[in-house]
């Protein structure tokens, strides 16, 4: 499935719907891809510089590890491109089978694995050597994301749903501790705790799990003598600088020599076989010595951007009602951030050494390929959300277009009938007004007639009164006067 297959329709949709849209619409998050490639490129340079002395001694070829790391980068990019073409629906439906595959790999390592430095962590398949814990981590996080989607209400409402994924984690932890690989167990435990908390687990369950996990890790450290030596050397490495604290003291000297801008590429002294595992677990010490505080800050900033993008994708996926994608993105972000913190903290003397690589930077084929595949998953999650959003825009645009066309295509008969109705109503109103005016005129005429009749009646009454007054003033006769006097 080619990228251009999706890019052309996406660009056409944006160009059609948005006049001010950019000319090129990218179907993938290019910034995330560039961040991952930048870390890989820096890792190739630092691995080449840090591994040259030991490669010259072991293989008589100073570029032995550099060539192998370059091949791993090519394979990692191929794995990321492959994952980018797999729909998220496949990961949702296949997470249980992936979990089973992870368990099979961990069991196979214990049965037919290869031991290096007292640890049985590698599984040889022909010329390829796989560290089974790396794919097992990714498969477990896929299963946990699917479980939280299927059992969300059960996880948030009762302890039974909260405890079920912990049983699966316990099975993984036992198999990993038999290798032994405590660092991977701690990373998986912290990622599980963080993901359950983000999924809405109750606080008392969250703190209970954190306390139980911390107590279990403490017990495991005290149970093994070599782990106790790591703790004591971490607390005071200078107490035994040529024994248990040797690796950490050499790492601290590398950090100290780096200063702000470092000694320059290739000018490290600690890589001259003073610092063991300089190109793997302690690659940040060599980077700090050669590139200084500025180089360390740059690498940490690149990783921080990847982690923030993963967490932002998780939040956006939840808003788009894609919970599986959200929980998987969250788990990748927590995984990357915690493993980075442990790697840098161990090399800087802040945390005990755990044997964890720096994501996308350290030498190691299994770690690099799985980390790149995880980045490919993030790109795929973002891609599907972009396609979903553009399809929504396209559907809304089509709905608006159909609405406007239906309005334009209304028949003229309907509009003429409407005009006739309006004119009829206006005529009725006019007739009603005329009738009202005529009625008012008739009322006024009747009032005027009544007023005129009243005026004429008043005139007649006044004339009658005047006539009666004039008759009362005439002289009466003597007989009347005598009668008046007699009376």
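Yeah, the Cβs are placed from backbone N, Cα and C, and that goes for glycine too.
Taken from Swiss-Prot, the feature transmembrane segment covers 30-50 (among others), and the record attributes it to sequence analysis. Below 8 angstroms of C-beta separation, residues 63, 65-66, 69-70, 73, 76-77, 80, 265-266, 268, 271, 278-279, 283, 286-287, 290, 299, 302-303, 305-306, 309, 358-363, 368, 372, 375, 378-379, 382 of the same chain, each at least six residues beyond the ends of the transmembrane segment (30-50), sit close to that stretch.
Away from its own ends, the transmembrane segment (71-91) comes close to residues 1, 28, 36, 40, 43-44, 98, 142, 322, 324-325, 328, 363-365, 368-373, 375-377, 379-381, 383-384 of its chain (Cβ-Cβ under 8 Å, at least six residues beyond either end). Annotated transmembrane segment per Swiss-Prot: 71-91 (among others), in sequence order.
The transmembrane segment annotation in Swiss-Prot covers 93-113 (among others).
For the transmembrane segment (122-142), the list of distant contacts is 91, 95, 98-99, 101-103, 105-106, 108-109, 112-114, 116, 168-169, 172, 176, 179, 181, 184, 187-188, 191, 195, 328, 331-332, 335, 364-367, 369-370, 373-374: same-chain residues at least six beyond its ends, Cβ to Cβ under 8 Å. Annotation source Swiss-Prot lists transmembrane segment at 122-142 (among others), citing sequence analysis.
Residues or ranges marked as transmembrane segment in Swiss-Prot (evidence: sequence analysis): 167-187 (among others).
Under the heading transmembrane segment, Swiss-Prot lists 203-223 (among others). Among residues of the same chain six or more beyond the transmembrane segment (203-223), those with a C-beta under 8 A of the stretch's C-beta atoms are 159, 162, 166, 177, 182, 185-186, 189, 193, 196-197, 231.
When Cβ-Cβ distances below 8 Å are used as the criterion, the transmembrane segment (282-302) is approached by residues 35, 38-39, 42-43, 46-47, 49-50, 247, 250-251, 254-255, 257-271, 275-276, 340, 343-344, 347-348, 358, 361-363 of the same chain, each at least six residues removed from its ends. Annotation source Swiss-Prot lists transmembrane segment at 282-302 (among others), citing sequence analysis.
Residues annotated as transmembrane segment in Swiss-Prot, with sequence analysis given as evidence: 332-352 (among others). With a threshold of 8 Å between CB atoms, the same-chain residues lying at least 6 positions outside the transmembrane segment (332-352) that come near it are 137, 141, 183, 186-187, 190-191, 194-195, 230-231, 234, 237, 248, 251-252, 255, 281-282, 284-285, 296, 300, 303, 306-308, 310-311, 314, 358-359, 362, 371, 374, 377-378.
Within its own chain, the transmembrane segment (358-378) is flanked in space by residues 29, 32-33, 36, 39-40, 42-43, 46-47, 51, 65, 68-69, 71-73, 75-77, 79-84, 91, 129-131, 134-135, 137-138, 279-281, 283-284, 299, 303, 306, 309-310, 313, 328-329, 332, 335-336, 339-340, 343-344, which lie at least six positions past its ends and keep a Cβ under 8 Å from the stretch. Swiss-Prot lists 358-378 (among others) with the feature transmembrane segment.
According to Swiss-Prot, the feature region 'Disordered' maps to 398-419 (among others).
Feature annotation from Swiss-Prot assigns compositional bias 'Polar residues' to 401-416.
Under the heading region 'Disordered', Swiss-Prot lists 444-487 (among others).
Summarising the annotation, Swiss-Prot assigns compositional bias 'Acidic residues' to 444-453.
Outside the transmembrane segment (167-187) by six or more residues, the chain places 99, 102-103, 106-107, 109-110, 113, 119-121, 133, 136-137, 140, 143-144, 217, 220-221, 224, 227, 335, 338-339, 342, 354-356 with a CB less than 8 A from a CB of the stretch.
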